[in-house]
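Among the features that TrEMBL reports, Mn(2+) 1 binding site is placed at Asp8, Glu99, Glu102, His103. The Mn(2+) 2 binding site annotation in TrEMBL covers Glu11, His77, Glu99, Glu102. Per TrEMBL, the feature domain 'HTH dtxR-type' maps to 1-63.
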Amino acid sequence: MPTPSMEDYIEQIYLLIENKGYARVSDIAEALAVHPSSVTKMVQKLDRDSYLVYEKYRGLILTKKGEKIGKRLVERHDLLENFLRLIGVKEENIYEDVEGIEHHLSWNSIDRIGDLVQFFEENEERLAELKLMQIKNEEVIDKEPI
């Protein structure tokens, strides 16, 4: 299994290839806000671990293994963003919160969150009840002395 850092790289490489058709070291470095030399080291490690094929100065491609994991990582990220949005987390907090939790949840937990998202999407009245409860709780919090 890839480490959290490896996951970040695989996820970003997958997204770049999906969006641009290719992923260059400079693009990965820019997207992850790291030095190109750090990207080169990680890409070489991902190559050794068979997540991608890297040829210096020629670029890289994900292997079937890397592509499968990349797709799953992007789906996990999107699911967690959707979940946080659904339960009313402020938009400006969502990305950072997902980045903070995504590597710490088991795939079983991710699947159960997916079930919960599906439940709320299919039962809008339950989602409305949740929103109403949140409004009431906010009113109580606002009235409490600090």
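Cβ from N, Cα, C; glycine included.
Structural mapping of features recorded in TrEMBL.
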{"residue": "Asp8", "record": "Mn(2+) 1 binding site", "contacts (Cβ under 8 Å, 6+ apart)": "Leu32"}
{"residue": "Glu11", "record": "Mn(2+) 2 binding site", "contacts (Cβ under 8 Å, 6+ apart)": "Gly70, Leu73, Val74, His77"}
{"residue": "Glu99", "record": "Mn(2+) 1 binding site", "contacts (Cβ under 8 Å, 6+ apart)": "none"}
{"residue": "Glu102", "record": "Mn(2+) 1 binding site", "contacts (Cβ under 8 Å, 6+ apart)": "Arg76, His77, Leu80"}
{"residue": "His103", "record": "Mn(2+) 1 binding site", "contacts (Cβ under 8 Å, 6+ apart)": "Pro4, Glu7"}
With DSSP as the reference, give the number of residues of the domain 'HTH dtxR-type' (1-63) in helix, strand and coil. 38 helix, 8 strand, 17 coil
Compute the mean position of the Cβ atoms of Glu11, His77, Glu99, Glu102, which form the recorded Mn(2+) 2 site, and then list in sequence order the other residues of that chain whose Cβ is within 8 Å of it. Glu7, Asp8, Leu73, Arg76, Leu80, Val98, His103
